[in-house]
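Peer 1: Before I ask anything, let me first share the structure, which is written out below as structure tokens.
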């Protein structure tokens with residue numbers, strides 16, 4: 001069974017906090033933020049604030065409209081995250097007024113209403129884990145072209161221009177803090193593009209868009225070229241408030257003997273925090289954390305350490321099926337110490353004190369990089385070891401996973417264990433997972449109806465899953481049993497009458 005954290009949350013989302021160095025991580029509704037926006041400390045601070053909130057206000061596909069009853073400006077978006085971020089920028093004084101054709105209008109506390117020409121939109125995909133817009137400022141004295149980008153922290157950090165390590169470190173610390181509180185994080189970055197560079201790139205981009213073969217791959221390659229050497233602006237954290245009854249629903253599922261696997265695109269720290277808040281991870285549980293390694297052997301080494309350290313009596317590694325069929329060309333990097341693993345820049349420990357000896361069972365946490373190698377079909381020994389660990393754990397959490405990996409997790413369970421699977425999700429990213437499971441359940445909500453349209457059953461909230469399984473599922477089982485018995489006895493009556501008649505007709509066929 002594979003639910004995902006977004007399916008457990010209510011909409012609309014709440015943008016909790018920005019991180020705009022040198023500012024500390026603060027709540028958006030905050031007197032300090034208002035004071036900093038109205039009276040920046042210096043020119044550099046003003047540019048940082050302007051870039052951060054301008055990116056929030058312009059890097060999106062949100063539609064602005066006016067409520068006919070109240071006359072207030074309201075935002076409509078495919079993703080509730082985007083609407084929440086644009087609204088947060090508006091609350092800080094950077095109000096997105098709307099778009100007319102390719103002209104985007106934004107009101108700022110510094111310079112009134114500003115206009116930008118929207119040149120390109122590099123859409124968000126689960127593979128890219130980021131989106132960008134390229135805009136040109138509509139000012140006779142300032143016609144600069146900007147690329148504004150927002151996305152997952154690991155993706156943005158990999159594309160930053162070298163230097164300014166202090167800003168990166170401070171933002172990383174804030175991200176770890178946000179994640180430890182169960183908030184969903186995004187990083188913001190930008191770059192200035194010269195007219196010559198943009199024209200050359202745009203020519204390649206237009207050619208990729210009209211390509212007849214491998215169009216998506218070519219667009220991705222060209223987009224990746226321009227999304228380099230970015231300057232970090234800061235980070236945001238969004239709170240997805242849990243729906244009513246989610247912890248109780250998960251507790252009921254676990255008590256019924258159903259193994260719960262979670263697949264999410266969030267950070268590892270965020271996924272663990274959500275696991276605690278939803279009762280997926282009990283307070284006295286032990287954590288096994290496997291993070292992406294350099295190669296398939298590095299991931300195998302981490303899982304091997306976990307098997308030997310946490311399940312020595314089961315003698316998992318004595319099974320020949322879990323050993324590599326070939327030796328690595330170079331020694332793999334040793335896995336991190338599982339009992340004493342801490343979060344990146346934060347001092348907060350990912351694993352509880354006494355991990356490995358606590359009475360609450362085990363929970364396996366695997367990130368997307370490790371899952372790539374753990375589920376590699378060309379490394380069946382890794383798949384087998386993954387299954388051996390998973391079956392000994394109360395729950396499994398996959399973080400930073402793609403839609404393809406979500407479906408692979410479902411197929412791994414079906415192929416290796418031969419059990420019945422149910423997948424539940426609420427967004428387009430969950431469609432492949434829902435279709436791969438024996439039973440698919442879609443949650444209708446702010447994320448759209450793609451998941452519902454691809455599912456076998458549709459529900460409005462996650463907590464209704466318990467009634468679907470334990471009430472309607474039980475009734476369905478009883479009714480199917482009665483129907484089969486009815487057919488059985490119906491056939492006995494029909495055939496029994498003919499057989500009884502044969503006794504009196506002397507077994508004659510005429």
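Using the three backbone atoms N, Cα and C, a Cβ is placed for every residue, glycine included.
Annotation comment: TrEMBL describes 82, 124, 150, 184, 264, 265, 266, 400, 406, 429, 430 as ATP binding site. Feature annotation from TrEMBL assigns Mg(2+) binding site to 426, 430. Positions annotated as coiled coil by TrEMBL: 198-225. What TrEMBL lists as domain 'P-type ATPase C-terminal' is 452-510.
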Peer 1: How many helix, strand and coil residues does the domain 'P-type ATPase C-terminal' (452-510) contain under DSSP?
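Peer 2: Output for the domain 'P-type ATPase C-terminal' (452-510) reads 43 helix, 3 strand, 13 coil.
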Peer 1: How far apart, in Å, are the two Cα atoms that lie farthest from each other among 82, 124, 150, 184, 264, 265, 266, 400, 406, 429, 430, the residues recorded as binding ATP?
Peer 2: 23
Peer 1: Do any residues at least six apart in sequence from residue 82 (ATP binding site), in the same chain, have a Cβ closer than 8 Å to its Cβ, and if so which, in order?
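Peer 2: Spatial neighbours, sequence-distant, of residue 82 (ATP binding site): 60, 61, 62.
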Peer 1: Could you give the Cα-Cα distance between residue 406 (ATP binding site) and residue 426 (Mg(2+) binding site), in whole Å?
Peer 2: 13
Peer 1: DSSP three-state call for residue 430 (ATP binding site): helix, strand or coil?
Peer 2: helix
Peer 1: Determine the Cβ neighbour count for residue 426 (Mg(2+) binding site): the number of other Cβ atoms within 10 Å of its Cβ.
Peer 2: 29
Peer 1: Roughly how many Å separate the Cα of residue 266 (ATP binding site) from that of residue 426 (Mg(2+) binding site), to the nearest whole number?
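Peer 2: So the alpha carbons of residue 266 (ATP binding site) and residue 426 (Mg(2+) binding site) sit roughly 15 Å from each other.
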Peer 1: According to DSSP, folded down to helix, strand and coil, what is residue 264 (ATP binding site)?
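Peer 2: Going by the DSSP assignment, residue 264 (ATP binding site) belongs to neither helix nor strand, so it counts as coil.
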Peer 1: Whole-number Å only: compute the distance from the Cα of residue 426 (Mg(2+) binding site) to the Cα of residue 264 (ATP binding site).
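Peer 2: Their Cα atoms are separated by 12 Å.
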Peer 1: Tell me, by DSSP, whether residue 150 (ATP binding site) is helix, strand or coil?
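Peer 2: Looking at the DSSP assignment, residue 150 (ATP binding site) belongs to a strand.
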